[in-house]
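The following features are taken from Swiss-Prot:
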SIGNAL    1-23  signal peptide
REPEAT    54-75  repeat 'LRR 1'
REPEAT    102-123  repeat 'LRR 3'
CARBOHYD  Asn112  N-linked glycosylation site
REPEAT    126-148  repeat 'LRR 4'
CARBOHYD  Asn148  N-linked glycosylation site
CARBOHYD  Asn189  N-linked glycosylation site
CARBOHYD  Asn211  N-linked glycosylation site
Amino acid sequence: MSLASGPGPGWLLFSFGMGLVSGSKCPNNCLCQAQEVICTGKQLTEYPLDIPLNTRRLFLNENRITSLPAMHLGLLSDLVYLDCQNNRIREVMDYTFIGVFKLIYLDLSSNNLTSISPFTFSVLSNLVQLNIANNPHLLSLHKFTFANTTSLRYLDLRNTGLQTLDSAALYHLTTLETLFLSGNPWKCNCSFLDFAIFLIVFHMDPSDDLNATCVEPTELTGWPITRVGNPLRYMCITHLDHKDYIFLLLIGFCIFAAGTVAAWLTGVCAVLYQNTRHKSSEEDEDEAGTRVEVSRRIFQTQTSSVQEFPQLI
């Protein structure tokens, strides 16, 4: 699924125009050298302005930044390396990285991310390494979040709040070599089955295999998520527990009761129908007998009249 095809000419024209204004200054308290800007540990609360437009490597780690403005970040069209580790970023908006389509390395670990939309990384087709570990409030990922990051080789999802993951989320990552999934509260219930089977079928073995374990259900607590495929298949597809047997028993009883009632109603209807037909036949016979008797009396009356007529003459 292609969510975006890169920045259009309008964005590039806008970036060029802004570049004429911005110049090539260096942010206060930051170090700028050879297309590299280092603002590590400067207690910044906002994204720094005056970053040279030819910057290729930008270090914003160990600060207090809460957001990444797409308008300013998008001016760095040559940026290939962005480190935002250990800040206070809560969310990255749709198309936050629309102007940095050359980005190869992105570190958003140890922040306060709560959600990532399917469009956040939509233009980062060149991205090779992505780290979003240590975001404990990140509870879910959309199945198309990584749809366009087809060059990704390294993905770190450790220590987030992820409880399950749609198998489609990793389906497009055919070049992925390193995957970290440990430290997450994986709920290995029936909704987790598709992802567990996906890990087996596509040989998607996390680099921290033995540490990426289930926290639920009790039967699978501590099991590596790469090894719960078969147990889950048994529990969710082929295995019947006592609730299933009770359900089947109730279904059988309902079918039996419904059949019995239906048979009884059929019998009652048949008896009523036969009684109705019998009464109708008796009435028809009585009516026929009455007609015969009337006809006989009329015939006798006419015969008597014919016999008496000559005597009167």
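Residue numbers in this text run from 1 along the chain shown.
Positions of Cβ are set from backbone N, Cα and C atoms, glycine also.
Calculated from their C-alpha atoms, the gap between Asn211 (N-linked glycosylation site) and Asn189 (N-linked glycosylation site) amounts to 18 Å. When other Cβ atoms within 10 Å of the Cβ of Asn189 (N-linked glycosylation site) are tallied across all protein chains shown, the result is 16.
Cβ contacts within 10 Å of Asn112 (N-linked glycosylation site), excluding its own Cβ and spanning all protein chains shown: 14. Note on the repeat 'LRR 3' (102-123): its mean pLDDT in the predicted model is 95. Taking all protein chains in view, 13 other C-beta atoms sit within 10 angstroms of the C-beta of Asn211 (N-linked glycosylation site). Broken down by DSSP into helix, strand and coil, the repeat 'LRR 1' (54-75) contains 4 helix, 3 strand, 15 coil. Neighbour count (other Cβ atoms within 10 Å of the Cβ, all protein chains): 23 for Asn148 (N-linked glycosylation site).
Here the repeat 'LRR 4' (126-148) has, by DSSP, the following mix of helix, strand and coil residues: 0 helix, 3 strand, 20 coil. Remark: secondary structure over the repeat 'LRR 3' (102-123) totals 0 helix, 5 strand, 17 coil, with classes taken from DSSP.
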